[in-house]
Amino acid sequence: MAQALAQPPLVVTTVVPDPPPPPPPPHPKPYALRYMADLLGRIGIMDTDKDGNISPQSPRSPRSPRNNILMGKYELGKLLGHGTFAKVYLAQNIKSGDKVAIKVIDKEKIMKSGLVAHIKREISILRRVRHPYIVHLFEVMATKSKIYFVMEYVGGGELFNTVAKGRLPEETARRYFQQLISSVSFCHGRGVYHRDLKPENLLLDNKGNLKVSDFGLSAVAEQLRQDGLCHTFCGTPAYIAPEVLTRKGYDAAKADVWSCGVILFVLMAGHIPFYDKNIMVMYKKIYKGEFRCPRWFSSDLVRLLTRLLDTNPDTRITIPEIMKNRWFKKGFKHVKFYIEDDKLCREDEDEEEEASSSGRSSTVSESDAEFDVKRMGIGSMPRPSSLNAFDIISFSSGFDLSGLFEEEGGEGTRFVSGAPVSKIISKLEEIAKIVSFTVRKKEWSLRLEGCREGAKGPLTIAAEIFELTPSLVVVEVKKKGGDREEYEEFCNKELRPELEKLIHEEVVVEEALYLPSDTE
């Protein structure tokens, strides 16, 4: 019997299958993909086509040092913001190193939308309103496809972002409101009405001062109809005055005051006074003036807000009345400023008080770079600028071309004198002293500034002296700021009677400006 062979034990191997791969992430919804593509495109990482497909972006000009320079003057930096027709970039002035904000406007878009006149009006308005609490327009440049607004860079962001964190202390809110009213008063005095005042259009600089921006919806006095009213429905719903909602004519200055009242309420309360999810219900509240002040509002503040948010524009408080209000006046300081060499210069009252206490004269302001005629001999002074042919032609009454280059509304006069330059300057200083004007001197130009703060700012007069011949000079006097009537009164009562003594009696202007031809 054959012996059975021993069999090895049976080994059973269990094969465990690999786990299934995880399902792919869900494809983004069309609107989400579109948002992501737009975001990546804006920050310079991806390109997008018309269908929203994204692809790695090729090197772009802003990253190229050569193409990052605008007009040879500014180096473009990061994108600060964008709208339908424009983008705003941080930039740096290559020469001075100063930061600026450059608003880049697409010409094709504004032409298709019929906004060319709108852009021209905004430029005109920004030239009119030169004030420490208003964002300053430095210059406007253009290419075939773009328009560039070179503006003051305000690094503190929107006031809206500050308020979004919570209501402000009363003293802080008061200071912002004072600065707002100061700037709005100046605008109204210059015939400019903002019509879209809101915290989003109020910026803060690095020193915590307010700057009014975005004059895109502004109106100027020349736009008003024969009834003197605006008829355009515009603005942001929560800040619109009730009379604007009626779609009838309204006084733009009074509508701005209403918006200032809403802003003050927002600063103090942390929310708008007429809020409702339903915009039509909100409009009804605005029209009826239905709002409630929080319990922490002082009685003086409540009285002021009641006047500001008066639904009747005829009885609503005015800017001059606001400036006399007890709550408003607390700690208020009139901002003093002047424009020199196209640069806005500000004077703080505290600095003036220190200067007065140190023995300096408050009538004549000087610096190391300025020329003091009384201390320097006339022989050591540089000669005044000589007039070129274009200057001489433009000085002639029949060929006055200054209107092509100067800001609208600049009144002026000129005369020829044979008196020594030192005598002319001394006479202008003497006139300024009589009426307590401040005098600023720089070479052969003087600036006389009144101390009274009018609706259009202090009266400012510039006088420049030009050499016509070795023995004759032309003295040109112009109003640079302030009220026209005040300027005419000053000229008729003070300036002309005194300067007539210096006019060269034997030479009339046209004869002095006579140019012989080459054939004579």
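Glycine is treated like the rest: Cβ placed from N, Cα and C.
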Labelled region 'PPI' by Swiss-Prot, one stretch among 80-109, 140-169, 410-439, 440-469. Can you tell me which?
410-439
From the Cα of Asp196 (active site, proton acceptor) across to the Cα of Thr84 (ATP binding site), what is the distance in angstrom?
17
Cα distance (Å, whole number) from Asp196 (active site, proton acceptor) to Leu80 (ATP binding site):
21
Other residues with Cβ within 8 Å of the Cβ centroid of Leu80, Gly81, His82, Gly83, Thr84, Phe85, Ala86, Lys87, Val88, Lys103 at the ATP site?
Val104, Ile105
The record lists Leu80, Gly81, His82, Gly83, Thr84, Phe85, Ala86, Lys87, Val88, Lys103 as binding ATP. What's the largest Cα to Cα distance among them, in Å, rounded to a whole number?
14
State the mean pLDDT for the domain 'NAF' (382-406).
44
So among the binding-site residues Leu80, Ala86, Val88, who's got the most Cβ atoms within 10 Å?
Ala86
